[in-house]
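Asks: Below is one structure. I have some questions about it.
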Amino acid sequence: MPAPEPTRRAKKDASASPSPAHPASRELVILTGLSGAGKGSALKAFEDLGFYAVDNLPIELVPRFAELVAQSVEITRATLVVDVREGQSLAKFPQILQEVRQTLQTTVVFLEASQAVLLRRFSETRRPHPLGREEQVVHAIADEKQRLEPLRNVADMIVDTSRFNVHELRAYIQSKFTREGNAKSMLITCMSFGYKNGVPLDADLVFDVRFLPNPHFIPQFRPLTGKDAKVVRYIRKFEQTRTFLDKVTELLLFLLPHYVHEGKSYLTVAFGCTGGQHRSVMIAEEIAKRLGKKSYRVKAEHRDMPR
């Protein structure tokens with residue numbers, strides 16, 4: 001199935017807060033979302049990571065499944081799919097999720113994509129929408145969004161797969177759920193973006209760097225990016241740039257050990273400028289280098305930088 005890009009959100013209500021009493025070695029991932037958004041590909045990615053995978057388990061059986069995983073000798077990580085085929089039972093999901101979280105550390109991952117992308121995928125695969133052949137796909141998508149709203153509202157991660165292909169979705173799942181043994185195993189993503197394209201939904205921390213001088217208005221810098229040495233030197237020469245880098249680094253070095261202590265396995269720190277080409281790219285690269293020197297697992301991603 002064609003293409004799936006990301007998003008993440010942590011809910012603060014009781015239904016979305018994993019119990020801290022559960023051992024970190026055991027976990028359940030509930031995979032849900034819109035038809036055509038890539039649940040099948042994501043499920044295979046979880047299987048490749050060693051998760052015990054179940055497709056479309058009835059909602060009423062999820063608490064019992066969680067108990068079996070919690071008691072199992074062989075299964076320590078499991079994922080299951082809940083989708084629109086559950087019908088009216090979907091309204092019960094938030095309550096059932098609270099029950100499951102009393103048994104097992106649980107993460108809800110909700111996959112979605114833009115309407116245009118979903119329509120293209122259904123057209124390319126020639127598969128009917130699960131809500132019916134006779135209904136226009138555009139109406140079926142709208143109906144499905146409404147039915148799945150209770151699940152989306154309690155999701156820990158909302159992943160927009162519009163920009164992903166199958167391989168990129170697989171890599172994204174692996175980057176978020178691969179386990180490492182060292183104390184700094186949390187994966188930190190320093191992401192640049194352009195505000196004109198919206199704030200990344202998977203960002204945990206967002207910094208607006210539009211206060212920095214903009215290289216876009218200097219003709220020789222306009223076709224370059226924040227990874228080019230000339231642009232880097234230009235942005236770095238300003239005192240506010242150096243002060244900002246130092247203060248953000250100091251803040252992150254304070255925050256990161258606390259995130260690790262709370263069991264967080266991934267963190268996305270996003271830096272935004274107008275277009276996502278110069279300032280945010282330079283800052284994301286520099287912060288990633290600084291954190292890497294402190295032995296954190298870190299990578300830089302540039303959502304909107306021209307390639």
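Backbone N, Cα and C define each Cβ position, glycine as well.
Features from Swiss-Prot:
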BINDING   Gly33, Leu34, Ser35, Gly36, Ala37, Gly38, Lys39, Gly40  ATP binding site
BINDING   Asp83, Val84, Arg85, Glu86  GTP binding site
COMPBIAS  1-14  compositional bias 'Basic and acidic residues'
REGION    1-23  region 'Disordered'
Asks: Round to a whole number and give the Cα-to-Cα distance in Å for the pair Gly33 (ATP binding site) and Val84 (GTP binding site).
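Replies: Here the two Cα atoms are 8 Å apart.
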Asks: Could you tell me which of these binding-site residues, Gly36, Gly38, has the fewest other Cβ atoms within 10 Å of its Cβ?
Replies: Gly36
Asks: Over all shown protein chains, what is the count of other CB atoms within 10 A of the CB belonging to Arg85 (GTP binding site)?
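Replies: Other Cβ atoms found within 10 Å: 13.
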Asks: Could you give the Cα-Cα distance between Ser35 (ATP binding site) and Asp83 (GTP binding site), in whole Å?
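Replies: A Cα-Cα distance of 8 Å.
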Asks: Which number gives the other C-beta atoms within 10 angstroms of the C-beta of Ser35 (ATP binding site), all protein chains shown included?
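Replies: A count of 25.
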Asks: Of all the binding-site residues given, Leu34, Ala37, Val84, which residue's CB has the most CB neighbours within 10 A?
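Replies: Of Leu34, Ala37, Val84, the one with the most crowded Cβ is Ala37.
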Asks: Out of Leu34, Gly36, Ala37, Lys39, Gly40, the binding-site residues in the record, which is closest to Arg85 (GTP binding site) when you go by Cα distance?
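Replies: Given the candidates Leu34, Gly36, Ala37, Lys39, Gly40, the nearest one is Leu34.
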Asks: Cα distance, Leu34 (ATP binding site) to Glu86 (GTP binding site), nearest Å?
Replies: 13
Asks: Is Gly33 (ATP binding site) helix, strand or coil when read with DSSP?
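Replies: DSSP assigns Gly33 (ATP binding site) to strand.
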Asks: Suppose we draw a 10 Å sphere around the Cβ of Gly33 (ATP binding site). How many other Cβ atoms does it contain, all chains included?
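Replies: A count of 28.
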Asks: Here are the binding-site residues: Lys39, Gly40, Asp83, Glu86. Which has the lowest count of other Cβ atoms within 10 Å?
Replies: Gly40
Asks: Need this for a regression test: binding-site residues Leu34, Ala37, Lys39, filtered to those with Cα within 10 Å of Val84 (GTP binding site). What's left?
Replies: Leu34
Asks: List, in sequence order, the residues of the same chain other than Gly33, Leu34, Ser35, Gly36, Ala37, Gly38, Lys39, Gly40 whose Cβ lies within 8 Å of the centroid of the Cβ atoms of the recorded ATP site.
Replies: Asp83, Leu111, Glu112, Ala113, Thr161
Asks: To the nearest whole angstrom, state the Cα distance for the pair Gly40 (ATP binding site) and Asp83 (GTP binding site).
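Replies: Gly40 (ATP binding site) to Asp83 (GTP binding site), Cα-Cα distance: 11 Å.
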Asks: Measuring Cα to Cα, how many angstrom lie between Lys39 (ATP binding site) and Asp83 (GTP binding site)?
Replies: 9
